[in-house]
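Let me begin by presenting the structure, written as structure tokens, before commenting on it.
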Amino acid sequence: SVNRGVPAQVAVTAQKTMRLLPASGRRATQKVVVGDQDGVITCFGIKKGEAVPVFKTLPGQKIARLELGGALNTPQEKIFVATGSEVRGFTKRGKQFLSFETNLTESIKAMYISGADLFLCASYIYNHYCDCKDQHYFLSGDKINDVLCLPVDKVNCITPVLACQDRVLRVLQGSDLLYEVEVPGPPTVLALNSGNGGDSGEEIVFGTSDGKLGVIQITGSKPIPKWEIENEKKRGGILCIDSFDITGDGVKELLIGRDDGVLEIYSFESADDPVLRYDHALSESIASIQGGCVGKEGYDEILTSTYSGWLTGLTTEPVHREGGSAEELKLSQEMQSKISSLRNELEHLQIKVLQEREKYQQSSQSSTAVSSVPTFSVNDKFTLNKDDASYSLILEVQTAIDTVLVQSDVPLDLLDVDKNSAVVSFSSCDSEPNNNFLLATYRCQANTTRLELKVRSIEGQYGTLQAYVTPRIQPKTCQVHQYQIKPLSLHQRTHSIDHDRPMNTLTLKGQFSFAEIHSWVVFCLPEVPEKTPAGESITFYFQNTFLGTQLESSYRKGEGCFKSDNISTISILKDVLSKEATKRKINLNISYDVNEDSVRHTLKLIHPKLEYQQLLAKKVHLIDALRELQVHEGNVDFLLPKYRSILEEADQLLEEYKKQPAHLERLYGMITDLFIDKFKFKGTNVKTKVPLLLEILDGCDQDGLIAFFESA
């Protein structure tokens, strides 16, 4: 049985900032050490369900990572924290023994410790130090999210692995890249399999921002994938991983913490066969997860720390003692005294809040009043989902959210989110002259600290989405967060493309630098690193998540070449790139090569989606009439089987239609754009023929549609 226990709170915490210190005796409980964004390290134990402090440091710069270290093959009980560009070391009693100011110009984002070796990463830079002396350096092609090193005692050499945003694990040797490993999503966290790299010491677990999980063996020459789990339940991204034998069967389970608050335990039937054994939902993202014995000797538990600083334990200790019926079971003395002390504490806090509120009211009305705006942290994530070509905007606040107002200067569809319990209301907005296309307010229920919204953009229309976040704190205050909707917003980076497809080519030549054309590509496409790539040229591959079309983008100083099987993608790039070059007064020589077969190919990709959505719309329109018939006739046996199945599936059909309100409209828009763009490159304006095209689309005949495109 799993029971919640050990509640304690610190300030807002970052990913991987809570650890359990090794137990000092054979049966002793473990101490918890956690670093927060106020720069405070708190170490405490648990006795009789109460947190007992061991030490607490003074506030400082926010703590980005907390790791345990010590000499190899000894208990890892020295505490190391990364704060700004500095690494500090503390003993388990809280005495500082190290203050190492690195030569990094940016704040440390990821850290790993192995004996005397320290591995640090800022945004794009990796540094390896031994005894605080600089050893190796590497500049990554994209942002580094996490770092680890294979266990030196098992593999006999230092093998660092970087988890990079461009869906790649980079394996290093010294300052050089040994090889790259492609993974199915942007990796956010790495851990040694079973906590020690498995039998070979070469196995690492990775978790991605789109919720996928896998194990890869990192050998000296090549990667060997072991297993991978897709995110079929559409759960949040993975933030933390630990290995611990919670079931006591001698095999370590895999503990996973996600950014939607879901905790998962995977057990292994065999080495490469993970099975989800247990899951539990917390109300906010899980920043760190650890397995150990904290609250009571003999009972293991899983401890988590969440974004706003709550530490929660799930314990194997039974909730009820054995013996007696439910009526006879009485709360133990320990529990009763705990409840009364909590009640007293609550009353004390309520009185304190009232006193502080009165004090604030008096001071704010005095002649010398100074307005003070309370600060609050917002943890946000704006990502493109490959499955349904929509953007998820996740907003997490350290205190309860009151309202979130969403505004956009480009047309966006707001999609339904199952987990969202907020009440949404739309305000009418004038697209002219203020370019205001969306204005919606989400009113959250009490104690909601996390809100998830879904939007779908239209390629070719670009601008800014703004979220105004107002928490339930006094005095009322609001933070604005901005998110760029890019011209090719539905494209996602991919490792490779199909070179056999019919491709259209756009070539640019002119007096521009490598950095300038890179900045234009960053402006047009998501998931491109802002930093100009090293070297003289670069190639990126993309896939359109809505249609499955692709884009190859290669460029260098003075020249850019863009290839796509979708002529509309080339048209959008041509318009946006020439606009950006004109802004900088750069003269561009633009040439293009249109492949006639590509239009037929793109229509064949779109058509199954179009047919499916048209059929769904027809079925949904029939539901009311069929239900009325059902009420009048009493039974529906006389109906044709296809109509009976519509009635049987009515709820699922309505649910699906509600989730994708403007799907059909968007497909019509894409086919219309394709038609206009095809002839635009020939210098012909066919806008007058659009009504005729829409008539053909209603008929949903693929051959007729292709014939219309070719004869127009």
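The backbone N, Cα and C atoms fix where each Cβ goes, and this holds for glycine too.
Predicted automatically and left uncurated, TrEMBL annotations should be read as such.
Over in TrEMBL, the protein carries these features:
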type: DOMAIN; residues: 18-316; note: domain 'BBS7 beta-propeller'
type: COILED; residues: 332-359; note: coiled coil
type: DOMAIN; residues: 374-483; note: domain 'BBS7 GAE'
type: DOMAIN; residues: 491-593; note: domain 'BBS7 platform'
type: DOMAIN; residues: 596-709; note: domain 'BBS7 helical hairpin'
Secondary structure composition of the domain 'BBS7 helical hairpin' (596-709) [DSSP: H/G/I, E/B, coil]: 95 helix, 0 strand, 19 coil
Average model confidence [pLDDT] within the domain 'BBS7 platform' (491-593): 92
Secondary structure content, the domain 'BBS7 GAE' (374-483) (per DSSP, counts of residues): 0 helix, 60 strand, 50 coil
